[in-house]
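First the structure, in the form of structure tokens, and then the observations on it.
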Amino acid sequence: MSSANSTALSRHPSFLLVGIPGLEKEQFWIAFPFSMLYALAVVGNVALLVFIKTVPSLHEPMYLFLAMLAFTDLVLSTSTLPKMLSIFWLGSRDISFLSCLLQLFFIHTFSIVESRVLMAMALDRYVAICYPLQHSSILTVPVLVMLGSLVLLRAVVLVIPVCFLLHRLSFCQSNVISHAYCERMALVKLACGDTRVNIIYGLSVAFVVVVFDVTVIFVSYTMILRAVLRLPSTDARLKAFRTCTSHICVMLTFYIPALFTFLTHRFGQSIPHHVQIVVAILYLLLPPMLNPVVYGVRTKQIRDRVVLLL
């Protein structure tokens, strides 16, 4: 009986999250700016969801995509920050294997969802600018609901095998995760035995998602740029450029930290580990905090509603 318990313990132990390796003494204070970013992200995204729901003029494809983005950002940041802050402030580093898998599932699923929503928003802008007369007939509310459901379903289908492959591993070495949250590669590095399938599948999913989404976004904005340059009015060109610039800034704040985190796991041995962890945390915090600010500033109805509330 004790042998069976010992085997189960070695397969699926509880883990200890370090936080930010090398900055354990300083992370109590580092947590304060992180908590402020998280608070801004929650307030901003909840406000966006409320505004889009209550303002009839915002019931358009672009803003419905923005509502999907706001919901995704809320889930993405909330799945990590509360636990992270409990590590930094309370020293509560323990996390069970199932809780770790659940956190990892939400992080990876909604990272894929966010990437796909950003891609859908790029396509929406392409249709709105290049085919304005057909825009409302192509992107109807039922189409948007179906598209959002397919995006979520596809992300779940891609991430479930990641969790299954991790569940079948044995963890008979250290149970200390050198990270502030349950990150897939940090967990794989603690496993015994052959982890090549885990690594290959994870790389394949990341490569397919990022390359496909970034390619579609790049092609969409290239076509948009060509269409904008053909507009006869200077004011119309400037307005279209400003809209596209804000969209591109949002996408860069998501993809640059994501690519940095992805590449440093494989090729960033010379980069200090605490720098990698801080960038990985910012990857989950900056887009959720900046998205409501960027889109709120660019949307007159939202801007007016905020001014009215203040």
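Including glycine, each Cβ sits where the backbone N, Cα and C put it.
Whatever TrEMBL says is automated annotation, not expert-curated.
Values in this document were obtained by computation on a predicted structure and should not be read as measured data.
The domain 'G-protein coupled receptors family 1 profile' feature in TrEMBL is assigned to 44-295.
The transmembrane segment annotation in TrEMBL covers 28-51 (among others). Among residues of the same chain six or more beyond the transmembrane segment (28-51), those with a C-beta under 8 A of the stretch's C-beta atoms are 20, 58, 66-67, 70-71, 73-74, 77-78, 81, 84-85, 88-89, 278, 281, 285-286, 288-289, 291-293, 295-296, 301-302, 305-306.
As annotated by TrEMBL, transmembrane segment applies to 63-89 (among others). Residues 17, 19, 27-28, 30-31, 34-35, 38, 41-42, 45-46, 48-49, 52-53, 95, 103, 106-107, 110-111, 113-114, 117-118, 120-121, 124, 141, 144, 148, 151, 180-181, 281, 284-285, 287-288, 291-292, 295, 299 of the same chain, all 6+ positions outside the transmembrane segment (63-89), place their C-beta atoms under 8 angstroms from a C-beta of that stretch.
Packing against the transmembrane segment (95-113) from elsewhere in the chain are residues 12-17, 68, 72, 75-76, 79-80, 83, 151-152, 154-156, 158-160, 162-163, 166-167, 171, 177, 181-184, 187, 205, 209, 258, 284: each is 6 or more residues past its ends and has a CB under 8 Å from a CB in it. According to TrEMBL, the transmembrane segment annotation covers 95-113 (among others).
Under the heading transmembrane segment, TrEMBL lists 143-167 (among others). Long-range contacts of the transmembrane segment (143-167) within its own chain (CB-CB distance under 8 A, at least 6 residues past either end) are made by residues 12, 61, 64-65, 68, 101, 104-105, 108-110, 112-113, 116-117, 120, 184, 187-188, 191, 197-198, 201-202, 205, 209.
Positions annotated as transmembrane segment by TrEMBL: 199-224 (among others). Distant neighbours of the transmembrane segment (199-224): 112, 115-116, 118-119, 122-123, 125-126, 129-130, 158-159, 161-162, 165, 184-185, 188, 240, 244, 247-248, 251, 255, 258-259, 262; these residues of the same chain sit at least 6 beyond its ends, with a Cβ under 8 Å from one of its Cβ atoms.
What TrEMBL records for 244-263 (among others) is transmembrane segment.
Annotation source TrEMBL lists transmembrane segment at 275-295 (among others).
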Fill in the blank from the handout: Same-chain residues at least 6 beyond the ends of the transmembrane segment (275-295) with CB under 8 Å of its CB atoms are 20-21, 30, 34, 37-38, 40-41, 44-45, 47-48, 66, 69-70, 73-74, 76-77, 80-81, 84, 107, 114, 179-181, 183, 246, 249-250, 253-254, 257-258, 260-261, 264-265, 268, 302
Exercise for the section: Find the average pLDDT over the domain 'G-protein coupled receptors family 1 profile' (44-295) in the predicted model and report it. Expected result: 84
